[in-house]
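Peer 1: I have a structure here, written as structure tokens, and I will follow up with some questions on it.
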Amino acid sequence: MFYANMKEFELIKLVERLFGDEDVITPAGKHDAAYVKIGNRLIVLTCDTVNEKSDFPPYMLPEEMGWMAIAVTLSDVAACGARPLYFLSSISLKSIEFFEDILLGIKRCADRFGVKVVGGDIDFSEITTIAGFAIGEARRHITRRGAKVGEGVFITDLPGKAQLCLEMLERGAKREELPYAEKLYTPVPRIEEGMRIARYASAMTDVSDSLAVSLHQISQSSNVKIVLDNIVLSHLSPAENALELFLYGGGDFELVYTAKSSDDGIRIGRVERGKGVFAEIDGKTFEVEFRGYSHF
């Protein structure tokens with residue numbers, strides 16, 4: 001993971017221009033996943049890719065690679081408040097030595113959330129790469145668009161933990177020294193929380209690219225201003241860059257959402273008239289940049 005300019009999001013905008021007018025409820029690029037109507041069922045479709053060069057941290061076991069591949073894909077389903085049903089994967093390896101371990105990781109995560117693994121593909125590659133495709137079913141249509149003035153901004157858990165652990169590894173820390181190793185190696189998609197939140201939230205997305213990126217996406221899609229007025233950094237202590245981690249760190253698979261009230265998350269801000277994302281700390285207000293994790 002690394003902080004970078006928003007080239008990846010520029011590529012997504014290209015996808016929107018080419019495919020964003022398809023005759024579906026929520027087309028490509030508009031949300032974490034696509035919504036399509038099949039009969040009377042509201043179906044959610046999404047895919048994600050992870051590889052050893054840009055996604056797998058040091059000391060990651062093959063079984064954890066499999067877990068991560070399905071977990072990050074299911075996180076997009078969670079951001080729709082949907083129940084995941086089926087999963088397929090395309091696995092590219094330079095050696096079949098750890099193939100079974102990767103499958104076991106996929107199975108562990110799938111079994112935890114009642115997901116059926118129904119197929120996939122195997123290929124050769126110089127770097128281990130796993131692409132996942134998930135199908136889910138939602139009860140209602142919720143996206144990044146819909147936040148309303150006067151609502152609160154909530155998150156299922158405080159962000160920055162995965163990035164903190166990654167930066168500790170990059171400075172020479174051992175895996176057993178990490179305070180939140182599970183956030184980095186076996187992230188848990190917020191499936192149950194997402195289904196509950198979707199019943200009442202006005203907008204929702206996951207924060208895998210960073211809290212800042214996700215809030216900007218909600219702000220732009222909903223045409224509102226978001227102000228963070230309850231920034232908690234104690235969980236990132238004693239990191240000197242705790243605020244940077246909180247706002248711009250990637251790799252957390254929490255859900256951020258807007259609602260009048262909520263018992264499913266931590267309130268971190270409010271929705272106002274206007275545009276952009278801002279933060280209030282010690283009586284001072286500053287603008288939050290559109291910045292976070294990018295593959296490019």
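Going from the start of the chain as shown, residues are counted 1 onward.
Each residue, glycine too, has its Cβ placed from N, Cα and C.
Among the features that Swiss-Prot reports, Mg(2+) 3 binding site is placed at Asp32, Asp76, Asp206. For Asp32, Thr46, Asp76, the entry in Swiss-Prot reads Mg(2+) 4 binding site, with the evidence type sequence analysis. Taken from Swiss-Prot, the feature Mg(2+) 1 binding site covers Asp48, Asp121, and the record attributes it to sequence analysis. Annotation comment: Swiss-Prot describes Asp48, Asp76 as Mg(2+) 2 binding site, evidence class sequence analysis. Annotated substrate binding site per Swiss-Prot: Asp55, Tyr293, in sequence order, evidence recorded as sequence analysis. Swiss-Prot lists Gly120, Asp121, Arg144, Ser208 with the feature ATP binding site. The feature Mg(2+) 5 binding site is assigned by Swiss-Prot to Asp209.
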Peer 1: Quick check: of the binding-site residues listed here (Asp32, Thr46, Asp206, Asp209), which one has the Cα closest to that of Asp121 (Mg(2+) 1 binding site)?
Peer 2: Thr46
Peer 1: At the Cα level, what's the spacing in Å between the residue listed as 'Mg(2+) 5 binding site' and Thr46 (Mg(2+) 4 binding site), rounded?
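Peer 2: Cα of the residue listed as 'Mg(2+) 5 binding site' to Cα of Thr46 (Mg(2+) 4 binding site) measures 16 Å after rounding.
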Peer 1: For the binding-site residues listed here (Asp76, Asp121), tell me which residue's CB has the most neighbouring CB atoms inside 10 Å.
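Peer 2: The most densely surrounded of these binding-site residues is Asp76.
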Peer 1: Quick one: which of these binding-site residues, Asp32, Asp76, Arg144, Asp206, have their CA within 10 A of Thr46 (Mg(2+) 4 binding site)?
Peer 2: Asp32, Asp76
Peer 1: Check Asp76 (Mg(2+) 3 binding site) against DSSP and tell me helix, strand or coil, would you?
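Peer 2: Assignment for Asp76 (Mg(2+) 3 binding site) reads helix.
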Peer 1: Taking the Cα of Arg144 (ATP binding site) as the centre, which of the binding-site residues listed as Asp32, Asp48, Asp55 lie within 10 Å of it?
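Peer 2: Matched binding-site residues: Asp32, sequence order.
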Peer 1: Determine, to the nearest whole angstrom, how far the Cα atom of Asp76 (Mg(2+) 3 binding site) is from the Cα atom of Asp48 (Mg(2+) 1 binding site).
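Peer 2: The Cα atom of Asp76 (Mg(2+) 3 binding site) is 9 Å away from the Cα atom of Asp48 (Mg(2+) 1 binding site).
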Peer 1: I need the CA-to-CA distance for Ser208 (ATP binding site) versus Asp55 (substrate binding site), whole Å please.
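Peer 2: About 12 Å separates the two Cα atoms.
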Peer 1: Near Asp48 (Mg(2+) 1 binding site), which residues of its chain come within a Cβ-Cβ distance under 8 Å, counting only those 6 or more away in sequence?
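Peer 2: Spatial neighbours, sequence-distant, of Asp48 (Mg(2+) 1 binding site): Ala69, Val72, Thr73, Asp76, Ala131, Gly132.
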Peer 1: In angstrom units, rounded to an integer, how far apart are the Cα atoms of Asp55 (substrate binding site) and Asp206 (Mg(2+) 3 binding site)?
Peer 2: 17
